[in-house]
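One structure is given below, encoded as structure tokens.
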Amino acid sequence: QPPKDAHDEL
Amino acid sequence: MNIFRLVGDMSHLLAIIILLMKMWKSRSVAGISGKSQILFAIVFTTRYLDLFTSFVSIYNTSMKVFFIGTSYVTVYFIYQHFKPTYDSNHDTFRVEFLIVPVGGLAFLVNHEFSLLEILWTFSIYLESVAILPQLFMVSKTGEAESITSHYLFALGSYRALYLLNWIYRYYFEGFFDLIAVVAGCVQTILYCDFFYLYITKVLKGKKISLPA
């Protein structure tokens, strides 16, 4: 499962 | 958002602008690896597929659009607009030796076995080695224009700053993404030789020549 707030980075 | 990630994103933005300005002002792509720029276009395309499905912020969306757009403009400049100045004889890195292993690794090691997540993981792994054709080209030509060195310094700094961002987020937000951190370390380590030369040479007005 992707980490919490997945891929909120560029 | 934290200062490390913001400065990192600005450094990334600066690198892309430096590169485009170098091409546009000098009307030349000499010394620039088209293969690395193609890899960056693939990195952004596979990473930002969620551009229309998940909204994080205006900043996030606008930066994604900018990165995707400029990466294709850069590839267009190299292979179409300024093609006569493209030095293909020195841009000979076998990118299939990067894409295939990275593709396989993304398929095997990821957070979730879904198409979007595997493509995101592929993008993270690919970005960590995408600069290799460019560094290889600089070592083959034996030197880099100072503007290209500034481009590489800004580009390498962006992911180094992201490492600090991940340390910050681990301690203050409990956020940790092993895949991004490991790939970010590999990516930053690949620049170390260049960082050393940049700080010891370029900042003293000399030209860079690899291997040192």
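Cβ coordinates come from backbone N, Cα and C, glycine included.
The following features are taken from TrEMBL:
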TRANSMEM  B:6-24  transmembrane segment
TRANSMEM  B:36-59  transmembrane segment
TRANSMEM  B:65-82  transmembrane segment
TRANSMEM  B:94-113  transmembrane segment
TRANSMEM  B:119-138  transmembrane segment
TRANSMEM  B:174-199  transmembrane segment
The transmembrane segment (B:65-82) versus listed stretches B:6-24, B:94-113, B:119-138, B:174-199: most Cβ pairs under 8 Å:
B:6-24
Check the transmembrane segment (B:36-59) against each of B:6-24, B:94-113, B:174-199 and return whichever range has the most CB pairs under 8 Å.
B:94-113
